[in-house]
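Have a look at the structure below before the remarks.
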Ligand SMILES: Cc1cn([C@H]2C[C@H](O)[C@@H](COP(=O)(O)OP(=O)(O)OP(=O)(O)O)O2)c(=O)[nH]c1=O
């Protein structure tokens, strides 16, 4: 018993995920973190002169700030960390968000098939008291197989494209449409967990 040390207890700050995305929720869970979900509901409009990295960082920050604003007044919540994220698909400089309807999804998938595009995800981590603010992004290149109109229609009929940037989900049956990727897979799914784990260190959150 002589030189055994009592472990020092560390308090992990409360974590809020500012996202309605089931993918982001699953990925954050996969990092072994306990968190709550508060949906941001911000306007996702941006000025056209922003570059893709600026767009995803700006929107990730907007989502995190909108939620963080709801906790600021409580002294109890000052150490709370809010995480926001945003994902876009970019084909030859054109930004593709989520499709508004099936025709929009058809147009997006027709333009993506047989080509390589970029996926950008932005992540913002904020302490509610404003003392720490980390905003970063990652980019992944994705090469899609050539597809004919029938395949695209059948994919849309699965319902998978409807709530996803670029009208596809690499983590679902959409995986069968992908030739290959260069970069972080989880960035395409919507939350670059490796980047996020680094960003959480200044908040006193060590994933491993
Ligand atoms: C390209 C791609 C995107 N997506 C998803 C991730 C995001 O949920 C979505 C992009 O839309 P976002 O606006 O980034 O996120 P969201 O509206 O789903 O959720 P919130 O704003 O509340 O955080 O597309 C996939 O699930 N798989 C993919 O392969």
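The count begins at 1 with the first shown residue.
Using the three backbone atoms N, Cα and C, a Cβ is placed for every residue, glycine included.
It should be emphasised that the depicted structure is a prediction, and the values quoted were computed from it without experimental measurement.
Within the same chain, residues at least 6 positions away in sequence whose Cβ sits under 8 Å from that of residue 23 (site 'Important for substrate specificity') are 169, 171, 189, 190, 191. Under the heading site 'Important for substrate specificity', TrEMBL lists 23 (among others).
The annotation active site, proton acceptor is assigned in TrEMBL to 86. Non-local contacts of residue 86 (active site, proton acceptor) by the CB criterion (under 8 A, 6+ apart in sequence, same chain) comprise 44, 55, 56, 59, 60, 63, 121, 122.
Counting every protein chain shown, 28 other Cβ atoms lie within 10 Å of the Cβ of residue 87 (site 'Important for substrate specificity'). If you look up TrEMBL, you'll see 87 (among others) marked as site 'Important for substrate specificity'.
The site 'Important for substrate specificity' annotation in TrEMBL covers 171 (among others).
Classification of residue 86 (active site, proton acceptor) by DSSP places it within a strand.
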